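Read the structure below first, then the notes.
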Amino acid sequence: MSFDIAKYPTLALVDSTSELRLLPKESLPKLCDELRRYLLDSVSRSSGHFASGLGTVELTVALHYVYNTPFDQLIWDVGHQAYPHKILTGRRDKIGTIRQKGGLHPFPWRGESEYDVLSVGHSSTSISAGIGIAVAAEKEGKDRRTVCVIGDGAITAGMAFEAMNHAGDIKPDMLVILNDNEMSISENVGALNNHLAQLLSGKLYSSLREGGKKVFSGVPPIKELLKRTEEHIKGMVVPGTLFEELGFNYIGPVDGHDVLGLITTLKNMRDLKGPQFLHIMTKKGRGYEPAEKDPITFHAVPKFDPSSGCLPKSSGGLPSYSKIFGDWLCETAAKDSKLMAITPAMREGSGMVEFSRKFPDRYFDVAIAEQHAVTFAAGLAIGGYKPIVAIYSTFLQRAYDQVLHDVAIQKLPVMFAIDRAGIVGADGQTHQGAFDLSYLRCIPEMVIMTPGDENECRQMLYTGYHYNDGPTAVRYPRGNAVGVELTPLEKLPIGKGLVKRQGEKLAILNFGTLLPEAAKVAESLNATLVDMRFVKPLDETLILEMAERHEVLITLEENAIMGGAGSGVNEVLMAHRKVVPVLNIGLPDFFIPQGTQDEARAELGLDAAGIEAKIKDWLA
């Protein structure tokens, strides 16, 4: 869409932060209003993360107005909230391309702009990176400032507290801003707190505080009394004890939608030494009433009509794999009181809403704490329960040691329901589920299953849940099921594949998601098609039989080729000295950028036409 100068006259004056800083302060509330309306207009036309950005408009304007970006370095945690940042930093006219193939990256991305200091996508990384950047800036000696913006969800992760603990120890000059949009830490916002924040962030208070420490440094009892008195006075109105104990100077909470007040506070804090912590209160979805009322639904949106106040309803077609999992979960929980389900802050995405309502005492949302989620599940298993960790493939990476050390070594019956496995699409490199087969396959005695359709997915969930000799994993894709009939649940024989079609000369060994495409290719090439079902243990007998009866083997998976299921087939053949040509087809050795799933598969040659072309080229 083209930018409408008449509709956004103030925003039209700002295509860079240097232009922003030329505006008089009095015009900034109008700029914020236009920026919020432009964001609504753009994202409703193109789709994307929505509610978070509406809540950070004033903060974004204030930060770029006060700090000399990009010389001063601004780090956004996760990046859902960074759309206004992109608009103000030279990408205003391209915001309608965000999350699309060849368009703006969905998150801050170093390769896209010098204003994007840290490439992000997963949460809770900003403070750790910010400490490193701040230390580097101090050694550089050019008076470069470092600011990290983190949300109240991301700050629940252990990594954020590890970083703050370190910052409190080494005391770099940096500012951490907590964007609290869920009222989860404090509701204590108002004129008194805003006034107090400006006082506490001012140079007078800072110098008095430091001067007082120096004056009374030789008189321990009085120094301690002064410290306690100061903390008592602040503690009456400021809920910052935790952050102060970690070594930060805590300011807030302040109104995150008062752009002029934010500018005053940020200017006061800009020159303070040591780690500073500013707590701001915002409303997710600010300025668009439907998003304010339902920020979860409006967190990420498809194209929609803003005047309707509603998102388009699903066409009511095939269920998603997440729903298949959620339905199975409720069905199983109704029969077995030992079932416990765990999610690291992905209730809606993992299909667990109904379960959380029906079985609240057996539903555990541990927040953004993947490591804790896995070891918590280990504890439940030790206690005699049957834990299921529902987690996206890309986020399971964050808990790899816990899978190994706390679950697998102890052979605990924890089941991992791995959603978003394979190509995910619009969220790009940071969210593709490209690696789980590779990093799980090497874990001793792990059972790994890859369904080719929704019925198989249910059977595998049932099989994994009733397996008691160690951990299991069922990995399934983002998107809708394929429409097969659901049959009664029964346990599958562990490590056994299934021949779906008999052919000649060529055998396709398929692992999971691409089974429908593999079936088309097998029909076209008159190839044998095997639904391998298990990545670990592999059906070695069936693999050797296929090698004996065919001239060529093809392995097919939506996982990295390196270390994936195909590599396992190669290892079996080598171990048995079977010399047969094998073509491994899967995800290539690079990080896959954003685009729709269909676009990515077509570009990577993982649709039916692409798979057939790869095979023919290899055989030629």
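Including glycine, each Cβ sits where the backbone N, Cα and C put it.
What Swiss-Prot records for the thiamine diphosphate site is His80, Gly121, His122, Ser123, Gly153, Ala154, Asn181, Tyr288, and among Glu354, Glu370, Glu445, Glu454 the residue it adds there is Glu370. Of all Cβ atoms in the shown protein chains, 19 besides its own fall within 10 Å of the Cβ of Asp152 (Mg(2+) binding site). His80 (thiamine diphosphate binding site) falls within a helix when secondary structure is assigned with DSSP. Annotation note: Glu370 (thiamine diphosphate binding site) sits in a helical segment as assigned by DSSP.
For His80 (thiamine diphosphate binding site), the Cβ neighbour count at a 10 Å cut-off comes to 26, with all displayed protein chains included. Annotation: Glu370 carries the greatest number of neighbouring Cβ atoms among the binding-site residues His122, Gly153, Asn181, Glu370 [cut-off 10 Å, Cβ to Cβ]. Ranked by Cα separation from Asp152 (Mg(2+) binding site), the binding-site residues His80, His122, Asn181, Glu370 are led by Asn181.
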